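Visitor: TrEMBL feature annotations, pasted as is:
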REPEAT    126-159  repeat 'TPR'
REPEAT    168-201  repeat 'TPR'
REPEAT    210-243  repeat 'TPR'
REPEAT    252-285  repeat 'TPR'
REPEAT    294-327  repeat 'TPR'
Amino acid sequence: MHSVFRIGDIRKLDKKSPLYEVDLKLTSDDDQQLRQLTNRIREEVGRTGWYRMGHLLLKIGQFDKAEGLYMALLEQASNDSDKAHIYHMLGWSKDDQGQYTEAASFYEMSLKIERKTLPEDHPSLANTYNNIGLVYDNMGDYSKAVEFYKKTIKIKEKALSPDDPDLALSYNNIGLVYKNMGDYSKALECYEKSLKIKEKALPPNHPDLAYSYNNIGGVYNNMGDYSKALEFSEKSLKIREKALPPNHPSLATSYNNIGGVYKNMGDYSKALEFYEKSHKILEKALPSNHPHLASSYNNIGLAYSGKGDYSKALSFLEKALVIRQKSLPPTHPLIKETKDNIDHVKKKT
């Protein structure tokens with residue numbers, strides 16, 4: 001092991017000083033939890049050299065740096081396997097930034113190469129189908145998303161063991177589509193399949209577990225079971241606060257979802273507190289026209305509406321609509337949702 005420290009207590013030196021005192025404890029070579037987590041990260045990132053670095057940059061949200069590296073690697077790529085991988089990773093980067101058309105284009109370039117060189121049931125094809133399904137989901141074309149996710153699961157169920165984390169990912173993703181379609185019982189069934197696998201395969205502080213807890217919490221929120229929703233959302237937040245940098249978009253997701261539970265419970269002040277924590281991170285982490293920022297503006301607007309501050313509500317909802325109209329297809333359901341929210345607030349003013 002290299003030098004790795006656990007953070008103990010963090011104390012501010014005094015009220016006026018911007019300095020903090022941090023207690024650090026050096027980990028030992030036989031720290032099994034750290035070793036397990038390190039090995040898991042190494043397995044997930046995969047490949048070697050600069051390819052590993054590019055994957056790691058995407059994992060921590062450094063999209064511009066990752067894209068610059070992958071474009072340089074593309075110029076040097078000498079075989080179809082490397083080219084397909086690079087296009088795939090560029091698609092992933094664009095998808096995470098909300099640039100769905102560009103993401104689909106890169107994924108399709110990767111798929112075109114893969115189909116020439118791989119059998120129809122190859123796991124690499126499953127990964128590409130999965131990510132194309134994710135793009136369609138983000139674009140609001142849920143039937144297409146389900147189509148590609150089912151192709152993914154069909155391959156993975158044949159190729160992988162029942163406890164493989166990749167299979168968990170596919171159950172999770174198709175669960176997300178069912179959630180977006182309003183079929184919450186199917187969504188919960190898929191999410192719980194995913195979580196069951198992850199709890200066996202991953203260390204208890206792994207960010208992917210946080211992702212599952214977050215999604216299950218979201219379904220319970222939609223089903224009106226707010227105590228369960230808070231329970232799972234807070235489990236997710238606890239892991240993410242320990243495992244991720246303080247400006248990571250996944251932390252914003254947790255704050256946003258907890259805010260959503262409080263909004264549905266009618267506690268609009270508490271909801272606004274968490275929505276603003278989420279928005280503060282997103283403003284730093286994402287491009288100004290990212291759809292997730294639009295969702296953040298929309299949610300803040302709804303919280304202000306609940307508090308009876310309709311002028312502020314309208315201001316935030318209109319910001320959300322501008323972004324969504326620029327970044328999403330004109331038929332996307334979120335555009336209609338935002339317009340409906342604006343009309344609802346205007347009727348109250």
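Glycine too: its Cβ is placed from the backbone N, Cα and C atoms.
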Visitor: What same-chain residues lie close to the repeat 'TPR' (252-285): Cβ under 8 Å, and 6 or more beyond its ends?
Guide: 61, 210, 214, 217-218, 221, 224, 226, 229-230, 233-234, 236-237, 240, 246, 292-293, 295-297, 299-300, 302-304, 306-307
Visitor: Suppose you look only at the repeat 'TPR' (126-159); what would the mean pLDDT be?
Guide: 92
Visitor: Near the repeat 'TPR' (168-201), which same-chain residues lie under 8 Å Cβ to Cβ, leaving out any that are not at least 6 residues past its ends?
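Guide: Apart from its flanks, the repeat 'TPR' (168-201) reaches 126, 130, 133-134, 137, 140, 142, 145-146, 149-150, 152-153, 156, 162, 208-209, 211-213, 215-216, 218-220, 222-223.
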Visitor: What is the three-state DSSP composition of the repeat 'TPR' (210-243), stated as helix, strand and coil residue counts?
Guide: 32 helix, 0 strand, 2 coil
Visitor: Per DSSP, how many helix, strand and coil residues does the repeat 'TPR' (168-201) have?
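Guide: The repeat 'TPR' (168-201) comes out at 31 helix, 0 strand, 3 coil.
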